[in-house]
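Annotation source Swiss-Prot lists GTP binding site at 36-43, 63-67, 83-86, 150-153, 182-185. Per Swiss-Prot, the feature Mg(2+) binding site maps to Ser43, Thr65; the stated evidence is sequence analysis. What Swiss-Prot records for 28-204 is domain 'EngB-type G', and it gives sequence analysis as the kind of evidence.
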Amino acid sequence: MQDGRQLNYQTARFLTSAPGLAQCPPDQGAEVAFAGRSNAGKSSAINTLTQQKALARTSKTPGRTQLINFFTLANDETYRLVDLPGYGFAKVPDQVKLEWQRHLSEYLYERATLRGLMLVMDVRHPLSEFDQMMLGWADEKAMPVHILLTKADKLKPGAAKSALLAVRRQLADWEDLVSVQLFSALKRQGVDEARARMDAWLLHQAQ
């Protein structure tokens, strides 16, 4: 973070939706993207971090919404949050899955303003096939990743801490690229830590 500054995430407002890279807003400024399985609590995490109940909307059909959603901060398009499509393996036809992978990989590889990836995982079911695919893509681009282990309130504190340590051990080889924290939208646990990570990415890189 530069000079102790902080962004006001409560000012987040919807900007636009894009089906693919070509329809995204101009590649200027700085972005932080959120990715996660359809049932990992990604929308709840975004809404909690911005203190808005319905900024990010949850699809009733997991994996069907294929749009990339952009949000601006403080009516300034310099800083953006990006909600990447949720991924529901079981209910997605192969053709849709391939298209999703193509659009997402294009965004991750070619979007110059992408400064970091917030990867949302259910603390009870971390490091799924999807999560590992995302980490692999991030590793290839040397993209920093901050993992939110969501729904931490579903576990007792000791079990949640054990899950956190287990994920950190599994990702020890990537410790320079990946950081991990517990998060609960219901209890607002981990909000300050997650915001500080986004501030560091957005404010440092947008100078």
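For all residues, glycine too, the Cβ spot is worked out from N, Cα and C.
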Could you check what DSSP calls Gly36 (GTP binding site) once collapsed to helix, strand or coil?
strand
How many Å separate the Cα atoms of Leu67 (GTP binding site) and Ser43 (Mg(2+) binding site)?
14
Taking the Cβ of Ala185 (GTP binding site) as centre, how many other Cβ atoms lie within 10 Å?
21
Return the average pLDDT for the domain 'EngB-type G' (28-204) as a whole number.
90
Does DSSP put Asp153 (GTP binding site) in a helix, in a strand, or in coil?
helix
Between Ala185 (GTP binding site) and Ser43 (Mg(2+) binding site), how far is it from one CA atom to the other, in Å?
10
